[in-house]
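Features of the protein shown, as given by Swiss-Prot:
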- 33-53: transmembrane segment (TRANSMEM)
- 77-98: transmembrane segment (TRANSMEM)
- His83, His182: heme b b562 binding site (BINDING)
- His97, His196: heme b b566 binding site (BINDING)
- 113-133: transmembrane segment (TRANSMEM)
- 178-198: transmembrane segment (TRANSMEM)
- His201: ubiquinone binding site (BINDING)
- 226-246: transmembrane segment (TRANSMEM)
- 288-308: transmembrane segment (TRANSMEM)
- 320-340: transmembrane segment (TRANSMEM)
- 347-367: transmembrane segment (TRANSMEM)
Amino acid sequence: MTNIRKTHPLAKIVNDSFIDLPAPSNISAWWNFGSLLGVCLILQIATGLFLAMHYTSDTATAFSSVTHICRDVNYGWIIRYMHANGASMFFICLFMHVGRGLYYGSYVFMETWNIGIILLFATMATAFMGYVLPWGQMSFWGATVITNLLSAIPYIGTDLVEWIWGGFSVDKATLTRFFAFHFILPFIIAALAMVHLLFLHETGSNNPSGITSDSDKIPFHPYYTIKDILGVLLLLSVLMSLVLFSPDLLGDPDNYTPANPLSTPPHIKPEWYFLFAYAILRSIPNKLGGVLALVFSILILALIPHLHTSKQRGMMFRPLSQCLFWLLTADLLTLTWIGGQPVEHPFIIIGQIASILYFAILLILMPTISIIENNLLKW
């Protein structure tokens, strides 16, 4: 008799995706981040749901409702901090996942890569709106500054900003709609993640060597299920250490002050995972130019498959490209540091150099070095 998991319509989908899926035998720990992102998403939806049961999206009570969650709700403090720090873990996994894709040439799977870029944008939008909800000083001013960037769009900019605000400033209408979008977007992200997997399973996974692994496949279960469980345990260990020992380490102290439209904080900055993009935005003196650079800093990922000039897929056997990749990593860390610094000398010039270098590496240096490597190998 055939096993039910291979015949039942629903079980068959699960079986073909997580049990009998043929996987390359040599994929490293860098391939763990996809499943970790899935775990992060489930964790965020679960904790977010419980937070939404007690949160009120009204300017008069939003801040105190978050305080109420932390003080009066059973285990409310741990739910709140798991959600806040879970977002940080989410972005760490996202950056690692995208970095893996860049390093090993996973962007050759165009459909999977493009859905991934949409997922990245959707996650960033969700995180931004979530940061506004506690209605602290940084929530309010962050929302004001970032939404105001849209006013740089010619002709329709001002009207667009007021339409998003639902008035002439960030107020009750803005908070309510941000809560609505923050609630619905994770479910859209979950649906997109399924499409992401659907496209991935059309081609099968890439592997560190970058060559086809059709001749050497192993079943996903038990080999990679057990490997993923190890990754999940490590992720949860780091997350819970953060939540239980220093929950406010990655937050901003200004957000413990209720939002006040009459008092601007000395340094307005977003959460740490947006600082690299914020630094790129600030490094251009022109408003519209800054906004375009900000958008393009992520959208540039869509160009990567078209700029692939190497005859090898991954960077495993390309030391010159590896040097550039790690230079890019260092550059992004520099941008993250600059994004959190005040706008003054020498931070301005460091930010501008790092921003130029970021685009230069991806658009000019990497394709050029790849051609040089091809010639060195007489290809």
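Any Cβ shown, glycine's included, is placed from N, Cα and C.
Note that the coordinates shown come from a computational prediction; the quantities given were computed from them, not determined experimentally.
On the structure: features taken from Swiss-Prot.
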residue: His83; record: heme b b562 binding site; Cβ contacts under 8 Å, 6 or more apart: Gln44, Thr47, Gly48, Leu51
residue: His97; record: heme b b566 binding site; Cβ contacts under 8 Å, 6 or more apart: Phe33, Gly34, Leu37, Gly116
residue: His182; record: heme b b562 binding site; Cβ contacts under 8 Å, 6 or more apart: Gly48, Thr126, Met129, Gly130, Leu133
residue: His196; record: heme b b566 binding site; Cβ contacts under 8 Å, 6 or more apart: Thr112, Ile115, Gly116, Leu119
residue: His201; record: ubiquinone binding site; Cβ contacts under 8 Å, 6 or more apart: Asp16, Ser17, Leu21
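Relative to the transmembrane segment (288-308), the listed stretch 113-133 leads the set 113-133, 226-246, 320-340 in CB pairs under 8 A. Secondary structure at the residue listed as 'ubiquinone binding site', taken from DSSP and collapsed to helix, strand or coil, is helix.
Long-range neighbours of the transmembrane segment (113-133) within the same chain, counting only residues 6 or more positions beyond its ends whose Cβ lies under 8 Å from a Cβ of the stretch, are 55, 57, 62, 66, 87, 90-91, 94, 97-98, 101, 106-107, 139-140, 142-143, 146, 174-175, 178-179, 181-182, 185-186, 188-189, 192-193, 195-196, 199, 270-271, 273-274, 298-299, 301-302, 304-305.
By the count of Cβ pairs under 8 Å, the stretch nearest in packing to the transmembrane segment (33-53) among 77-98, 178-198, 226-246, 320-340 is 77-98. Secondary structure at His196 (heme b b566 binding site), taken from DSSP and collapsed to helix, strand or coil, is helix.
Counting only same-chain residues 6+ beyond the ends of the transmembrane segment (226-246), those with a CB under 8 A from a CB of the stretch are 29, 32-33, 35-36, 39-40, 78, 81-82, 85-86, 88-89, 93.
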